Amino acid sequence: MTELLHSQADNILINDYERSDVAVLPDVAIIQTSTTGENVSSNAATASSHARVEPVDPQDHETTRRHRRDGNPEEQRPLNNDHEEIFKYGASHVVKLFVPVSLCMLIVILTIKTTSSYTPGGATWAYTPFTEDKPTNTQKILFSLANTFIFMGFVITATVILILLYKFKCYKIIHGWLILTTLMLLFFFLYSYFSSISASLNRPIDMITICFLTWNIGVVGMFCVHWKGPLRIQQAYLIMMSALLALVFYKFLPDWTGWLILGVISIWDLIAVLCPKGPLRILVETAQERNEPIFPALIYSSTMVYMITAVDPPAEPEFTPVSVNSTTAGKKSHHLDLSLFEKKQFILVNVGEPLTDEQRNERATIRNNNARRQLIPRADVPQTEGRREPARYVVERSNSPVPDDDDDEKGVKLGLGDFIFYSILLAKASALGDWNVTIACYLSLLIGLCLTLLLLAIFRKALPALPISITFGLVLYFSTVYIIGPFTAELSTGQVFI
Amino acid sequence: MTIMECAGCTLIAYGVPFSMFVFTIAHHPFRIIISMTSAFFWLISLLVSSLLWFAVVPLRNQLAFAVPFAVIFQEIFRYLFYRVIKKAEFALQKVQMQELTDKGMVFDRFAVAYAAGYGFGFISGTFAIVNVLSDMIGPGTIGIFGHSQDFFIATAFLTLCIILLNTFWGVIFFTSLDKGGIHRLIGPGIVVLTHMLFSCITLLNRKSQPLYSVSLAVGYSLLIGMIIYTLMLRGFTINNIRQRMNRD
């Protein structure tokens, strides 16, 4: 217990400058204050105040359980627990991630198949300035490589800016950036989506209807994503935003550039998360040192989370670095939930903690989530910022006082960037019109996600979500198009069933 | 009219498997994952078979060369999947089973065998029919230039047949390997032989005037045979069934 108090004190000291915004309030009051807009900027303070409040509550048997368990060092956990936890949040959480990923892909593919305005070609955008209308293949490859490097330059710059902002504690800038991104996404992209749909379906819609729809959907989206809202609606908005962004990407990325970008960004994800000097890893470690939750950004989570997650996305529309909030009761040795999400998403596995779904495409969004129950300590809930950076996984340690019989509380988090890049891959796979290719890529993406979650459970640290899935997807795409495709075409023509 | 035809063939081919999914697999996340992994293994086996077909350039038109190898590769990957499942089960057995049971996660061998067979079958049928369905929904139909008019409906029924056959093959394969003894040879042997028989009979569909009735008849009688063998393996006898029916 004393160590817990000590760590609480640490939290208070570290976040002292931020506490001035938020008074020390009892649990109920904190929940009330967190509903105000002010809390958005003082999420860290609220986080610390939450952390402060946790052990005080005597009725919170879960926190007391947590206190008891906090004394247990990690090594005392028997090996069985590892396996248990692998299996505990195994199958059902994987499926809980399958459904939103599949929904996002479905929205993207349906839109592409029914409307013609989201097909590539036409305008280019600033991030990939070279077109691919070149006479020879060599030139195409060269210009695609140039496009890829420019794009990756933007990504890396955005990540570095985010990390610098985070290191120098410019939280307000990050929050503002995040809100601006969501605003643009929810209003502008939605408006253009409706316009494209009505143009493609040849149904004129008057301006008043479109503005009414966009305004309402956008405002509700801002509320749900940045503040509080029903879980399903939050999830729906996050999926919708990922789908919109994936469509924009798909429209503007030239063909070969798209494939190269997918490959390079998986490698970047791997480097940034796993290398000791990688930016995302630095972000995670900084957050750990400060004992702060990283800005929860665009992260899709499957359960409600109690903590206030601050999202800190960079202003870069495409890339929002995700900062990971590692909230611990104080000591690093306690469960660390790191969800590091750079531009993309990361997967957090919360054991026993309800997680809020936060997703945003590129920018981290700051969320203040009202805890449904005040039982769960904040520290157990990882906060993550999701951006379009490579996704990372965060594994919560089993030290968290998660009630064993409470499966519903355990949620999984996946960064929005992962949604976006998976959907882009599948959109490009479906562009050929061959459904075998689409199904093969879909299956490989899901199996990659499954494997990544398995690795997450085994290694229990932040892992990138993109590399395995994208590798499987790319390998199966090219092999299905060039090798399996002709074989199955030959078989189908003659109705030979193997 | 083409939409009707497409909808009809889709429902013929996927009606029973989809119901199977909804009632037996959808609410069990573990089975969903097993099915997806098994489908992935089938896909890899198809990749290997396609590589072989692709590599042997002069025989590309002679599907009679590629098909037996495809069948053999599929069964090899089914066996590999069985080994993977065994390893996973071994790892899971280290876990305290009590908590797992409380959570409703029980390692049900039959369910795993069923889900594995289902995964194999679903992806196999999908790869066979989905491009045909998407062509079907466009304008026009088949049979105008002297080709058989039963192409679509025969495809749909054969797809249903292969999905169900694969499900039962999976159950027979895994259950026989689990039983050990002489069943370790009989079960997989029967699966390989019947699979080879079915696929080679469908080679007859390639003729210019295909006799779909032969493939359909052989396929469905094989299916009934597989059902009976599965029931025998699982311990149902005529008396058992009679008692159950009299009880209800």
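Cβ coordinates are placed from backbone N, Cα and C, and glycine is handled just like the others.
Positions annotated as compositional bias 'Polar residues' by TrEMBL: A:36-49. Per TrEMBL, region 'Disordered' is recorded for A:36-81. Residues or ranges marked as compositional bias 'Basic and acidic residues' in TrEMBL: A:51-63, A:70-81. Residues or ranges marked as transmembrane segment by TrEMBL: A:94-112, A:141-166, A:173-193, A:205-224, A:236-253, A:259-275, A:437-459, A:465-485.
Highest Cβ pair count under 8 Å relative to the transmembrane segment (A:94-112), across stretches A:141-166, A:205-224, A:236-253, A:259-275, A:437-459: A:236-253. It is A:205-224 that, among the stretches A:205-224, A:236-253, A:259-275, A:465-485, forms the most Cβ pairs under 8 Å with the transmembrane segment (A:173-193). Under 8 Å from some Cβ of the transmembrane segment (A:236-253) lie the Cβ atoms of residues 100, 103-104, 107-108, 111-112, 117-120, 122-125, 127-128, 182, 185-186, 189-190, 193, 220-221, 224-225, 261, 298, 300, 318, 357-362, 416, 419-421, 423-424, 427-428, all in the same chain and six or more residues away from its ends.
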